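Written below as structure tokens is the structure these notes are about.
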Amino acid sequence: MAIMGVQMVVTLLVASIMQRVSPHYSFGRWLLCNGSLFRFKHPTEEELRTLAGKQKPKAKRERRTNGVTDEKPLTVPKDIDLRLDTQPITTIDALVLRYFLEYQWFIDFALYSTIIYLFTEAYYCVVDAQNEINIGVLWCLMSIIFSIKVLFTVMKHYFRSEEGGERSVCLTFAFFFLLIAMIVMVVRDEYLEFGLEPGLASVCHNLENFLAQRGWQWSMPFVKLAFKIALVALCAFLGGCLTFPGLRLAQTHLDALKMAADRPMLQLLLHMSFLPPVIVVVLWIRPITRDFLLNAPMGKESVELMSNSAYNTFRLWIIVVLCLLRFCLTRFHLQAYLCLADRWVEQMKREAGRISMLEIQRKISRIFCYLTVVALQYLAPIVLTFHCVLMLKSLGDYSWGLYPEPTGFTPVVDSSPVQSHSPTSEEEEDTEDVQAAVEQIMGAMSSLRGLFTPLFFRGLFSFLTWWVSVCQIVTSLFGLYFHQYLGAS
């Protein structure tokens, strides 16, 4: 409390509200159950028999009397005139969905972490709290970790599949992204302006001084190599986790465009929501964006359209707006997925042969049961990108451009020992113990701030934001090609 101050009070208050309010009102549950999404109900056996012109089967006792003992699955022709009934999704319906509780908790946590981050931004604007720990950053970091965890949980579901095709797809894309990450690591900052090398050099310099003051020695080239290997491994892991979200996004994008065939404005918004990863990737290609805006050719002269700091602010706002745009179109993508049931029935009608009633019911019900999986695949990359940008702004000492902010600074590692005074009484001894503990905690945090500089965080979170967009571009473009050409054939 003495260390965190007002931010700790607000954090505890928000955590308490989240625990008490979520069972009664949940933003994640509202996204699915606000009445805007409707599901297709599977037909009953009576309805299928009526459409097929069949009578109700005899009871078991009558079949035994007539000498019929084998029970064959009830089948109907595929070309029956089957029309599915629709029903708005309710909370009772959502409780049977797979991973519904994980989805609800994840969306609610992302919302509350964003609220706390906005509060800390306002708090830092009003109060000079540079020496306090930014609680909003910790919440954003947890949102990033939970986003990756959710994506990994969904990927594990594909690995448990009996067929094994999904597992091969994830491993193939993970290896492919591993190669791309290794290539990106050797690209110079003149082309991809992450700033990883300067940031890593500053960390190694501070770490070398920190260890030298304590009589330790460590090979700094080994630290750089280990960090790059770990980052490449993380890139491959993220690529594998984002494989099926990208493929699913391509499918729902195409289906949503077909649903909005008579709504050109909605089609324009859908196309705009599909392009954000491309725009994010281009924003970090220096010759195309920063160099052009800082030295725009105007005839024989070059004009500076914006400064370096203005471009950094502009880039942050562009990514935030693109994330919000994609989030606002969540309903259309989820409804496009739910309409797969009706589309599957229409495709079945064009086929010849017979199909069991149970298979029809199972296929239609399965599409609805995996709604929350599709929602997680759509929303988790948005949450991941959004909170990476928030971390980039706060830890990278950038500005939103809305209010004057203090310039960032790089703390110097202070290894001076804590001065101790001789106690004169038991009360003074207890007081000094508490003060010593607080000073040790503050010293440890100051050391960490001194090691990991804003320059390092700029490089790290710029790269992570850019890499998530690269994974989405590759997988979604492959998904478009697959669903338009390979899947259709």
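The count begins at 1 with the first shown residue.
Yeah, the Cβs are placed from backbone N, Cα and C, and that goes for glycine too.
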Under the topology that Swiss-Prot records, do Phe159 and Trp400 share one side of the membrane? no
Tally of DSSP helical, extended and coil residues in the topological domain 'Cytoplasmic' (286-304): 5 helix, 6 strand, 8 coil
In DSSP terms, the topological domain 'Extracellular' (246-264) comprises 15 helix, 0 strand, 4 coil
Can you see whether the transmembrane segment (167-187) and the transmembrane segment (460-480) are touching - at least 3 CB pairs under 8 angstroms, only pairs 6 or more apart in sequence? yes
May I have the DSSP-based helix, strand and coil counts for the residues of the topological domain 'Extracellular' (156-166)? 6 helix, 0 strand, 5 coil
Candidates 265-285, 305-325, 367-387; stretch with most C-beta pairs under 8 Å toward the transmembrane segment (225-245): 367-387
Tell me, how many other CB atoms lie within 10 A of the CB of Asn34 (N-linked glycosylation site), whichever protein chain they belong to? 11
Counting only pairs at least 6 apart in sequence, do the transmembrane segment (460-480) and the transmembrane segment (135-155) share 3+ Cβ pairs under 8 Å? no
Before we move on, state whether the transmembrane segment (135-155) and the transmembrane segment (367-387) share at least 3 Cβ pairs under 8 Å, counting only pairs 6 or more apart in sequence. yes
